[in-house]
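K.L.:
In case it helps, TrEMBL gives these features for our protein:
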type	residues	note
TRANSMEM	A:6-22	transmembrane segment
TRANSMEM	A:29-50	transmembrane segment
TRANSMEM	A:56-74	transmembrane segment
TRANSMEM	A:81-102	transmembrane segment
TRANSMEM	A:108-124	transmembrane segment
TRANSMEM	A:156-175	transmembrane segment
TRANSMEM	A:205-230	transmembrane segment
TRANSMEM	A:242-267	transmembrane segment
TRANSMEM	A:279-301	transmembrane segment
Amino acid sequence: MKRAHLILALIGIAVLILAPIGQKNYIIYVLCSWLMFSIAAMGLNLTLGYAGQVSLAQASFIGIGAYITSLLTLAGYHWVFGWLAAMGATFVIGLLLGYPALRVQHHFLAFVTLAFNTIVFLVLRNEEEITGGSFGLVGMPRPEFFGIKTMPQLNFYYFVLVLFVISAFVFWWIVHSPWGRAFKALRENPIRAESLGVDTRRITLLAFAIGSAFGGGAGAIMAPLVQFIEPGSFALIHSLKILLMVVVGGAGFFYGPMLGAAVVIILPEFLRFTEGYYLIIYAFLVIVLMVYSPSGLIGLGSKLMARFRPKQEVRKDMAKGAQL
Amino acid sequence: MTDTVLSIRNISKSFGGIHAVRDVSFDVQKGEVLGLIGPNGSGKSTLFNCVLGQLKPDTGEVRVNDQTVAGMRAAALNKLGVGRTFQQLSVFPQMSVLENIILAGQEHQGTMATRLFGPSDAGLTAEADQMIKFFRLEHLRDEMAGSLSYGQQKLVDAAMAFMAGPSLVLLDEPAGGVNLTMLANLKDRLRAYNREHGTTFVVIEHNMEFVMSLCTRIIVLAEGAIIAEGTPDEIRSNQQVIDAYLGG
């Protein structure tokens, strides 16, 4: 990690540690929600932003993770078992969902994942004996670690922050490893990648599996955060919301999903003073951003920084003259 | 172990009623630079795709380093020691030149697990820098590949094909769209690599000056069949080749 990035990350963590101090429970809840959705968006960013595989099913993986964790914690198991089971199960299901991606791409793949999200929603709603159907599940306990209870909202926030930092580190590690390079190669030119020895089938499946496991991990946080889950929370609209987070933040950029989740979760809260107009203003801001900067907020930042930097020479071959 | 790197035996391939390749056989020896020329539609690309496993021939067999490559995926073929370049630009535009070159070698390092938990450059930065230096791209090392000129990207593409130390490299129209200065540089680098490493090349090319000066042997295809084979001088003076392809 470059020194500047490390300093930026440490400043970010310090800000996140200080952010909830003195805030009311609702604000802390919104911050927890932002961190939780950031983890889910990191997963989609890996699948879509880095590996270029379209997925409209991330909410279903949050749902699977949330239901597994809820069922286990309600049965008396510690949350950690629920978390591990949620991530393991979503990894395997994500791997299976990746198989269609080996045959179909782009909008066809989008429809496959959209159909998967719908199937998961219907299973969660119809299998009442296990999932509670439309009434959902309630009363999931918040975990306790070494005698420290996470029931108080502030404690729970720091618990979520630790999980967020771990997830962000894992995400950073993956995208900066040779795997990350292979994911990008898959996105940019799969035929060339394959010709260089990249097993594009395996990498495609891994992109789905890992991205889905992040979704499952977010779901494991959602269960004790909200303490009530029902199928509607994991319907297609929520997958589109996570897609919006990734696109608005900047797909394929490390900080993209975190910024995107902030826009989708926190910005509407700031716009509440406009009362009935806040969704209109919010939607308008998103449209303007997408028109001006299709690469999201990170792309917008890069554009602005480029204005203050001296113009770079692109065609360096001219300087080398006949040598090239 | 023979010195035959590529062996093509009785390859035929048809698309409907069109016979794209008809009973083609030849061998390519270690260190040889073979040119494959012919007019458009003569079957060069179909033959190339049969060698690369992208097309399954109707009949015949392709062997690389004594192993049959029928049904082999491109990644497995690469692991077997086959590198290639593409007719169209095939770099990864949003990665730096260095990252492009490292990517070209990383899948040959360790296992999936070591590539996840090991160093982010797969221990290849020094080797990649050598390759960059060999292709005289040092000043572009950290530039995004997509921001380079067409000719520079062709050089990066070639450098990527050699990064894994292949025994056979298939070059698909490497001279296409490259200006004369860069073409001379590319030819010089290919020759130097062949001389230093003994790597075998098979080149498809329409630029006659380029192919005649680079290759040690040339095969001419027309209507899917071999019509001539020999040294560049023999091909230049072959009346059948002149009639079918080179012209008066």
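Glycine is no exception: its Cβ is also placed from the backbone N, Cα and C atoms.
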K.L.:
Ranking A:56-74, A:81-102, A:108-124, A:156-175, A:242-267 by Cβ pairs under 8 Å to the transmembrane segment (A:29-50), which is first?
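P.N.:
Comparing A:56-74, A:81-102, A:108-124, A:156-175, A:242-267: A:242-267 has the most Cβ pairs near the transmembrane segment (A:29-50).
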K.L.:
Check the transmembrane segment (A:108-124) against each of A:6-22, A:56-74, A:156-175, A:205-230 and return whichever range has the most CB pairs under 8 Å.
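P.N.:
Answer, by Cβ pair count: A:56-74.
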K.L.:
Considering only the recorded stretches A:6-22, A:56-74, A:81-102, A:205-230, state which has the highest number of Cβ pairs under 8 Å to the transmembrane segment (A:242-267).
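P.N.:
When the Cβ pairs under 8 Å are tallied, A:56-74 comes out ahead.
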K.L.:
Hey, does the transmembrane segment (A:81-102) touch the transmembrane segment (A:56-74), meaning at least 3 C-beta pairs closer than 8 angstroms, sequence gap 6 or more?
P.N.:
yes
K.L.:
Six or more residues out from either end of the transmembrane segment (A:6-22), which same-chain residues have a Cβ under 8 Å from its Cβ atoms?
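P.N.:
Residues 28, 31, 35, 154, 157-158, 161, 164-165 contact the transmembrane segment (A:6-22) from elsewhere in the chain.
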